[in-house]
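Colleague: Mind having a look at this structure? Questions to follow.
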Amino acid sequence: MTSETSVNLLDFDAEGLVAYCGSLGEKPFRAKQLQRWIHQYNAGDFDGMTDLAKSLREKLKGRASIVMPEIASDHVSADGTRKWLIDVGNGNAVETVFIPEETRGTLCVSSQAGCAVNCRFCSTGKQGFSRNLSTAEIIGQLRMAEFALRASLGRAPGPNGKAERVVTNVVMMGMGEPLLNYNAVVPAMRLMLDDNAYGLSRRRVTLSTSGVVPMMDRLGAELPVALAVSLHAPNDALRDELVPLNKKHPLRELMAACQRYLKVAPRDFITFEYCMLDGVNDTEAHARELLAVTRDVPCKFNLIPFNPFPESGLIRSKPEQIKRFAQVLIDAGVVTTVRKTRGDDIDAACGQLAGAVKDRTRLAERTGAAAKIIEVRAI
């Protein structure tokens with residue numbers, strides 16, 4: 001039985017686990033063994049960790065725990081998209097979405113309960129900010145999804161060889177702004193990349209930011225993964241209105257940060273995400289302006305048809321207008337994709353990762369009715 005003050009081992013990346021084992025008088029190799037049991041074999045209790053010394057198992061039982069967030073609901077869409085509602089306590093909930101494709105499986109992970117950035121087109125921002133998630137709550141989403149998906153396919157836990165892995169890509173694009181929860185997000189991403197945990201490459205872990213420039217620089221220095229930037233407007237006046245963070249870090253500053261990031265990034269381009277809003281940011285003139293503002297940043301564009309919600313006062317661009325907008329970008333030689341809507345029958349489509357919009361991320365309302373979820377993205 002663990003004590004009420006026991007540490008949750010899911011909060012530790014490799015370095016943290018080595019330090020913790022050291023505090024118990026154990027050598028670093030014990031931390032690697034422990035990490036494999038937790039993240040590759042999905043072990044939930046210490047007695048089953050048979051290659052650990054009994055003395056260490058007894059120490060762990062008295063001082064540590066492996067505590068996962070609770071699953072409040074689990075839904076599968078007609079197109080195979082799977083959405084979990086995760087109870088993170090005190091009435092708050094976040095959502096995790098798995099998007100299966102022929103050659104990969106992408107997991108969209110949340111980093112905060114609610115969001116303080118308050119983008120006009122994003123329903124998550126309308127519910128307000130509740131709190132940051134812990135490292136355990138972030139990596140717990142991947143651990144939960146990977147082993148639930150393996151179980152559904154009849155695959156046993158074990159080392160994450162390519163043939164066994166179900167989640168091949170992770171996108172930090174669920175609820176919240178990950179760079180405003182840097183100290184919990186980075187250890188979680190280190191575990192995603194660790195060969196003694198999930199073994200994903202840096203090219204297969206993508207962090208999406210609305211443009212927190214100082215933290216983009218820090219991420220580039222400490223853990224450069226693939227980067228997506230929520231752009232959504234081609235000039236400062238419009239972006240100030242759609243993405244209020246732009247008032248603090250305007251486009252010129254953001255583009256310079258993107259250039260710096262590319263010097264260390266695992267991919268040779270930035271993905272710019274652009275939510276298509278009818279009559280707001282979707283004209284061909286906007287597209288030409290977008291090309292001008294991003295001209296010095298190697299990039300691709302991901303155009304996202306807006307998923308309306310009542311509080312926004314916005315509507316989705318017409319399909320023919322999205323095509324015209326995209327064609328301007330394509331004709332300029334820039335790779336451009338239009339997001340395919342996935343999981344909309346379970347409210348897991350792009351723009352719907354939100355929670356009960358009028359009452360933050362309150363759990364009770366969301367377990368009894370369809371949840372409104374932010375951007376579910378497969379890059």
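Cβ coordinates come from backbone N, Cα and C, glycine included.
Sharing the record's features from Swiss-Prot:
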type: ACT_SITE; residues: GLU95; note: active site, proton acceptor
type: DOMAIN; residues: 101-345; note: domain 'Radical SAM core'
type: DISULFID; residues: CYS108-CYS350; note: disulfide bond
type: BINDING; residues: CYS115, CYS119, CYS122; note: [4Fe-4S] cluster binding site
type: BINDING; residues: GLY176, GLU177, SER208, SER230, LEU231, HIS232, ASN307; note: S-adenosyl-L-methionine binding site
type: ACT_SITE; residues: CYS350; note: active site, S-methylcysteine intermediate
Colleague: Could you say which of the binding-site residues SER230, ASN307 has its Cβ with the most other Cβ atoms inside 10 Å?
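Modeller: Ranked by Cβ atoms within 10 Å, first place goes to SER230.
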Colleague: With the cut-off set at 10 Å between Cβ atoms, which of these recorded positions ends up with the most neighbours? Options: CYS108, CYS115, CYS122, LEU231.
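Modeller: Sorting the candidates by Cβ neighbours within 10 Å, the top entry is CYS108.
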Colleague: Look up SER230 (S-adenosyl-L-methionine binding site) in the DSSP assignment and reduce it to helix, strand or coil.
Modeller: strand
Colleague: Tell me the coarse DSSP state (helix, strand, coil) of GLU95 (active site, proton acceptor).
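Modeller: Reduced to three states, the DSSP call for GLU95 (active site, proton acceptor) is strand.
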Colleague: Reported as an integer number of Å, what is the Cα distance between ASN307 (S-adenosyl-L-methionine binding site) and CYS122 ([4Fe-4S] cluster binding site)?
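Modeller: If we compare the Cα positions of ASN307 (S-adenosyl-L-methionine binding site) and CYS122 ([4Fe-4S] cluster binding site), the gap is 9 Å.
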Colleague: Within 10 angstroms of the C-beta of GLY176 (S-adenosyl-L-methionine binding site), what count of other C-beta atoms is obtained when all protein chains are considered?
Modeller: 30
Colleague: Nearest to GLY176 (S-adenosyl-L-methionine binding site) by Cα, among GLU95, CYS108, CYS115, CYS122 (recorded positions)?
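Modeller: If we rank GLU95, CYS108, CYS115, CYS122 by Cα distance to GLY176 (S-adenosyl-L-methionine binding site), first place goes to CYS115.
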